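Novice: For reference, the structure I am asking about is given below.
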């Protein structure tokens, strides 16, 4: 398969699917293990924050690692370390007993997993242009299918996570997660693709830190990238607590792990359909209109969810949010891929990712205590109303018009 025109692209897609499934399981499993101990949303937010705080630095390092060490190598190393971090949960339970897997241990392991994950994701994304060209696909088509497959992993992952927790327990579920990462390693290990191996050192700065700064400067002085990064930073900070703390808290209080999996699956199913449909939608909607629709819809949906309606309505709203947000990642990927030179591609992807995650820990710090003190309804509103405001502000951002002007350097 590696010698066929589509072989490299299919291997990248398979790796994205299995790694996404592994991460999807952890979204359910880590908060569930914490909330089983004492039911505290604060503790759950601490572990969720531990799983996001390292992303700010890790994505910067990941981008540099991809450019300096090579995309294929970094992808495999990242997935191996991610597999070890989640496998450590059942290993510690076997050696020291279940009580050893406490909130502090889970926070450390979640942090380690979060530190390793971005490198693999960045490496796979930066290989897409060459893989798409070899397969004869347009970049929009490749990005939409890639994000759809990644979302499919997040559909399978939470579903497996909820079922495994109900049948095997939260700790043993981590074995399945480790296995998913190993499948990704196997796929990339047989990949052969131009630009995926050793990098061209002649176009790189000697110092890695200087290379990271070079990536930061490129993003900051490219107006469309700077605007996208700021919008994503705010949206991530407002949305992440809902998925990582508020939904787990709501369904844990009701002892409904399977229903939590359904909600996360609804988000991912919507995202899958939205990402798959983007290649067609892009013929009729501008990138700017697509993005504005996504941000405004997310704010409206979060506001309705704040009133904790019946589960069927929550599922519908989550599916809608996933659908309108599905094309956003392909749009971001396209703009990064078509504005950044090849030797800077990894660092630009890393910088954009790190800025998106910068607000996540702050949102989690605030959401956990607020949920314990004021309740889920007030916390949802505290997140949804600023999201609505972001949608209104985005309408008047002139740089977003450049989304439809991006072209290959």
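Note that Cβ sites are derived from N, Cα and C of the backbone, with glycine treated the same way.
Quick caveat, the model's predicted, so the values are computed rather than measured.
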Novice: Have a look at 104-123, 124-143 and point to the one annotated transmembrane segment in Swiss-Prot.
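Specialist: Residues 104-123 are the ones Swiss-Prot records as transmembrane segment.
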Novice: Of the listed stretches 104-123, 144-168, 174-193, 375-397, which one has the most C-beta pairs under 8 A with the transmembrane segment (80-98)?
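Specialist: Highest pair count goes to 174-193.
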Novice: Please figure out which one of 104-123, 174-193, 218-240, 260-282, 375-397 racks up the most CB pairs under 8 Å against the transmembrane segment (313-335).
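Specialist: So the stretch in question is 260-282.
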Novice: Does the transmembrane segment (10-30) come near the transmembrane segment (218-240), with 3+ Cβ pairs under 8 Å (pairs 6 or more apart)?
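Specialist: Judged by the Cβ rule, the two regions do not touch, with the required three close pairs absent.
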Novice: Do at least three C-beta pairs under 8 angstroms join the transmembrane segment (218-240) to the transmembrane segment (144-168), pairs 6 or more apart in sequence?
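Specialist: Counting Cβ pairs under 8 Å, fewer than 3, so no.
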